[in-house]
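Colleague: Take a look at the following structure, please.
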């Protein structure tokens, strides 16, 4: 039996969620807690403007504040418009795919309404197939809605804080850093707490129907993870196409052809570029990490439901994944205080160490937290299902599984930081290669991108080996959860980057002094690295989660071994390995098509609008925003369809063994491709060479 009672478990999990939500709201309040005065801008938009107590170089005047407000409003409107349009498409997808899930699951037993023998709990009866289809569909919709909400809330706080970060930079780099980081923390804590709370409430509501049928209960709850990851797929693809198309259009015509600064207000694509940072790197990344979090939690819960404490209905032990996430919220809350209250940023060189310190502090504290949860929530010894056999496991085994996932995440984060920070030789080598032209720059960038894969893959491989050896597939699932246990801090660090990037753009467009722009550029340079760190965590956790889900699939499909020497499995393996390249080709072509239209529009405006280059008239920002929006929403459908339909088609036409090969091949290949692309793009994203 667990030392922690069921009643206390029922209190701790929702309490931790509410604490996380409350802390996020507190951070939001602190971001807005500046002296304000209402002013009407020239376009009729009424907005509260920040006034600084410390004027610097005569720039603290009403005109600058109004410009910042107008730009912030334009970015917010553009981002909101894109997300609402995207969510209309996703709403249709949710309904259609939800219906497909219901039909596929219900038709397995002919939409039977009769109870049937349980698969793993021999001698017991489980709820009918129709009930499983209904509740899985409901869980899918809940996961999708939570993912959408996570992305939207992240975007709102980012667009709320970008101009505030710009204006706080007048007081010093430390004030601007705190504003940007607190804003990122709002997103991180809201996502972690909302995800945990909705999952906890869903389990308890589903339990009202399922009762003692925990096998059916937790099998249906896996739809929550599928819903989250489905929305993340489209959010990441759509937002990514948007931001890269706008970025290429703004840079190619503005910086290269017209020789004007990146965020010059004369550039028609500059607002679209800043909008893209929010819909791609904020809303998209938020949905992405929520999808990994939801999948890892659901995979761990399902595997646990067929273990000894699942069959014997030990709720506290079953809730071990949720308790780990609850502890993570508390640990991240303490960690955040080190960045915002306990250590002061006094100079530019303090920024990046402060962010790196967040990763280390949260990992050390979480290791202790994992030990507490493992020894109080789990029985001293229990059995786990292991592909048809039972494996004896002790509670300290699971401690090591979660901890190794946590520390593997830290290693991946630091490795990504090394290969993408301008403080180290990889970025400096790429910058130095620019002297001899674009060709050597691309060669160096690709070489370092390939090299950056080595250490993360070894870290993931060791985590998989140790966790599987100790606790089979359940060990891998909780290792992934360990990597994501500090998701609130990880997302705060990740969201800080786009907020700082927007702050720099607003400073340039508002015509603020060079000193202010230097401060925002310093924040942005650190943000380039932190954004890559967040993506690194997403890669590692996605690899572990995918393997855990793969194990759940082969277990449920009755496959004891996947023999790659059989034709079906080997064909599936090579086709699966090809799929990430096919997906990448589709998204790159989509970015190219959207960027082509953006480049043509920016050129048209420069060539046909008299006085634009001289700064006498404003460009048509709205048309560029519309081009990126329309192109990204149209182009995100084929890549998304490839991912969603491939398992259905392969499984239906070629059987479960071929599908197992496809999933394994896609998993192995996808980790490499994504890691290379992230490092390469981050290396090339710096505005200035070191």
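Backbone N, Cα and C atoms are what each Cβ position is placed from, and that goes for glycine too.
All annotation found in TrEMBL is predicted automatically rather than curated by experts.
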Colleague: TrEMBL tags one of 47-67, 68-88, 89-109 as transmembrane segment - which one?
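Modeller: Residues 89-109 are the ones TrEMBL records as transmembrane segment.
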Colleague: May I ask you to indicate which of 532-553, 598-619, 620-641 is given in TrEMBL as transmembrane segment?
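Modeller: In TrEMBL, the transmembrane segment feature sits at 532-553.
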Colleague: Flag the pair the transmembrane segment (442-466) / the transmembrane segment (359-378) as in contact if three or more Cβ pairs fall under 8 Å (sequence separation 6 or more).
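Modeller: No; fewer than 3 Cβ pairs under 8 Å.
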Colleague: Could you give the residue numbers and ranges of same-chain residues that sit at least 6 residues beyond the transmembrane segment (129-155) on either side and whose C-beta is under 8 angstroms from one of its C-beta atoms?
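Modeller: Contacts with the transmembrane segment (129-155): 79-80, 83, 87, 90, 94, 97-99, 101-106, 108-113, 116, 186-187, 190-191, 194-195, 198, 202, 206, 209-210, 216, 219-232, 235, 278-279, 282-287, 290-291, 294, 491, 495.
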Colleague: Which sequence positions outside the transmembrane segment (12-31), separated from its termini by at least 6 residues, show Cβ-Cβ distances below 8 Å to it?
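Modeller: Distal contacts: 4, 157, 160-161, 164, 179, 182-183, 185-190, 192-194, 196-197, 200-201, 319, 322-323, 325-327, 329-330, 333, 336, 488.
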Colleague: Apart from its near flanks, which chain residues at least 6 from the ends of the transmembrane segment (642-668) lie with a Cβ under 8 angstroms of it?
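Modeller: Answer is 97, 100, 104, 230, 233, 543, 546-547, 550, 553-554, 557-559, 562, 564, 566, 568-580, 582-583, 586.
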Colleague: Short question: most Cβ pairs under 8 Å with the transmembrane segment (318-339), which of 176-203, 398-416, 565-583?
Modeller: 176-203
Colleague: Hey, does the transmembrane segment (359-378) touch the transmembrane segment (473-493), meaning at least 3 C-beta pairs closer than 8 angstroms, sequence gap 6 or more?
Modeller: yes
